[in-house]
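Student: Just passing along the structure, written as structure tokens.
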Amino acid sequence: MNNILSFDIDEIRDILRGWGEPSYRADQIFDWVYKKLILNPSSMTNLPKGLRQKIAEYFSFDIPKVVKITGEGNTKKYLLELEDGENIETVLISHKNRNTVCVSVQVGCAIGCKFCATGLVGLRRNLNTHEIVGQIILIQKELFEKGDRISNVVYMGMGEPLLNYDNVVKSIRIINREWGLNIGSKHITLSTIGIVPKIYQLGEEDLKVRLAISLHAPNNELRSKIIPINKEYPIEKLLESAFYYAEKTGRRVTFEYVLIKNFNDREEHAIELAGLLKNKPVHVNLIPWNKVPEYPWETSDLKDIFKFKKILSDAGINVTLRISYGSRIKAGCGQLRALYLKSKGELK
């Protein structure tokens, strides 16, 4: 069955016209789905009864099912189950009157970064558009009942967004457009490990979302040790694509940098990173490593973290130290799913 959350409004209009219905019915349907968050056609009372029945027969309105919720302070992590029984994770961070949802785009991940829990079991499959949008609708419904709503969406959960390009871009359009969830493009961030051709392609879209790039090292030798795909898309090519995106969209690019003790957190690494990014339209997010038992790394010492940050700041680079809100609830990417798979005997 066709899930309603996979369609944009023009596609719904075309279907309705094929049924002999006026196209404005699409606006009414989407008002119920995205504004009132009603996922039951029988409750769409301004539609003719016959049309409601036809919609129910043609479309499904399913969203992912909640398996488990863990919470710590202002962070909630949702372990979700999809229709085929696969599991993904979604995180809600509520902070200073903002509600940020972190969504997954794949079941697992094929990149195999040597510090990330998501890639431990590889890639199962891409998420469909409705499975991405469904995560956001799930959280929006929960907040809506409290008189609140989502303010930001970040594509930073499980999987590499640019390796599920079409479904991710369509989901962004659905949540961004006025007929959808109407979340502004400056409040949507896509995070990528650095799939260079797709960064250029994204720059040509009419989206202008914020771009975050997982850099994690100041040179190719170090980066290739923890990010295998760096051998295909080395840092110099990655930076070229990032600066192109910034110029094309007018959006400053964020570089994510996970600090790993005695690997990429030394003074010389900070100086080298500053040399790459100085006088560029960028922001750097420093992230203390969130421990994953399967990897040997340790979190950097605080004194080294602050020294690293100061070197970047002194070079005139905008830099933020990201607080790890979800470390105790295993809210690092893929950690809750990994624990769940272990409990089922699917991960050693």
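Every residue gets a Cβ built from N, Cα and C, even glycine.
Quick caveat, the model's predicted, so the values are computed rather than measured.
Heads up, here are the entries from Swiss-Prot:
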{"type": "ACT_SITE", "residues": "Glu89", "note": "active site, proton acceptor"}
{"type": "DOMAIN", "residues": "95-328", "note": "domain 'Radical SAM core'"}
{"type": "DISULFID", "residues": "Cys102-Cys333", "note": "disulfide bond"}
{"type": "BINDING", "residues": "Cys109, Cys113, Cys116", "note": "[4Fe-4S] cluster binding site"}
{"type": "ACT_SITE", "residues": "Cys333", "note": "active site, S-methylcysteine intermediate"}
Student: What same-chain residues, at least 6 away in sequence, bring their CB to under 8 Å of the CB of Cys113 ([4Fe-4S] cluster binding site)?
Tutor: Gly119, Ile193, Ser214, Ile226, Ile227, Pro228
Student: Applying a 10 Å Cβ distance cut-off over all chains shown, what neighbour count does Cys116 ([4Fe-4S] cluster binding site) have?
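Tutor: If we count other Cβ atoms within 10 Å of Cys116 ([4Fe-4S] cluster binding site), we arrive at 25.
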Student: According to DSSP, does Cys109 ([4Fe-4S] cluster binding site) fall in a helix, a strand, or coil?
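Tutor: Coil, per DSSP.
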Student: Give me the Cα-Cα distance between Cys109 ([4Fe-4S] cluster binding site) and the residue listed as 'active site, proton acceptor', rounded to a whole Å.
Tutor: 13
Student: How long is the line from the C-alpha of Cys116 ([4Fe-4S] cluster binding site) to the C-alpha of the residue listed as 'active site, proton acceptor', rounded to the nearest angstrom?
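Tutor: So the alpha carbons of Cys116 ([4Fe-4S] cluster binding site) and the residue listed as 'active site, proton acceptor' sit roughly 14 Å from each other.
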Student: Name, in the order they occur in the sequence, the residues of the same chain whose CB lies under 8 A from the CB of Cys102 (disulfide bond) and which sit 6 or more residues away.
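Tutor: The list for Cys102 (disulfide bond) reads Thr90, Val91, Leu92, Ile93, Val154, Met156, Gly157, given in order along the sequence.
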